[in-house]
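Shown next, in structure tokens, is the structure this report addresses.
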Amino acid sequence: MTESHIDFRRAKFLISAPDIAHLDQYLPGDVGVEIAFAGRSNAGKSSALNALTEQKSLARTSKTPGRTQLINVFELDSQRRLVDLPGYGFAQVPLAMKNKWQQALGEYLQKRACLSGVVVLMDIRHPLKDLDMQMIEWAVASEIPVLALLTKSDKLAQSAKMKTVNEVRKALADFGDWVLVEPFSALKGTGKPKVLSILNEWCHPQWLRDELDTAEQSN
């Protein structure tokens with residue numbers, strides 16, 4: 001069957017949940033396709049989501065890193081969702097709360113069967129911090145593809161930007177095809193077509209294609 005193009009501008013807020021256990025209570029089971037967005041609290045995750053969906057306030061931006069504690073879910077259609085995970089690595093938050101959030105992130109990556117890809121967002125000026133690597137390792141260990149998205153690329157000159165992109169690609173080369181690395185600017189739109197192409201591919205995992213093919217053949 002022909003792969004359809006997903007219109008990410010149609011994303012709409014579905015639910016918020018405090019952790020993965022509560023997420024299961026709100027969603028129609030561990031079904032469909034989910035793409036998760038994860039990153040440090042200052043990585044520009046909300047701005048990236050808003051830019052990719054062309055909606056100024058789909059994901060709330062905050063001047064206070066770590067304020068967004070909830071898992072926020074946005075619906076693309078009846079089978080596909082975007083999941084905005086809590087920011088990690090924030091400084092002005094109690095240690096117990098940090099540990100709780102990081103545990104929830106790990107549980108989500110390891111237990112959510114419908115997860116077809118994870119976007120790990122990193123400020124291009126400060127990539128590959130310990131928690132970024134942990135998120136990437138968790139995802140790849142669960143055989144979930146990762147897009148390492150280097151945000152705020154407009155902050156660097158072209159030569160410095162490509163130097164950092166190449167350095168990050170080299171650092172993540174051992175993960176093979178499981179990890180892609182791309183620069184991105186929510187402000188300038190740099191990298192947006194490439195990112196949307198990757199997300200669209202993740203929205204059509206092989207199991208879903210097989211399921212839809214079977215449904216077509218039975219009609």
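Along the chain as shown, residues are numbered 1 onward.
Every residue, even glycine, has its Cβ placed from backbone N, Cα and C.
Taken from Swiss-Prot as is:
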type	residues	note
BINDING	39-46, 66-70, 84-87, 151-154, 184-186	GTP binding site
BINDING	S46, T68	Mg(2+) binding site
DOMAIN	31-205	domain 'EngB-type G'
Helix, strand or coil at G39 (GTP binding site) [DSSP, three-state]: strand
Pairwise CA distance, F184 (GTP binding site) versus S46 (Mg(2+) binding site), rounded so that it is a whole Å: 13
Packing count at P86 (GTP binding site) (other Cβ atoms within 10 Å of its Cβ): 25
Fewest Cβ neighbours within 10 Å, where candidates are the binding-site residues N42, S46: N42
G39 (GTP binding site) to S46 (Mg(2+) binding site) - Cα separation in whole Å: 10
Distance, S46 (Mg(2+) binding site) to K152 (GTP binding site) (CA atoms, angstrom): 12
Distance [Cα-Cα, Å, rounded] between S46 (Mg(2+) binding site) and L70 (GTP binding site): 13
All-chain count of other Cβ atoms within 10 Å of F184 (GTP binding site): 28
Count of other CB atoms lying within 10 Å of the CB belonging to K45 (GTP binding site): 26
Cβ neighbours of K152 (GTP binding site) where a neighbour is any other Cβ within 10 Å: 24
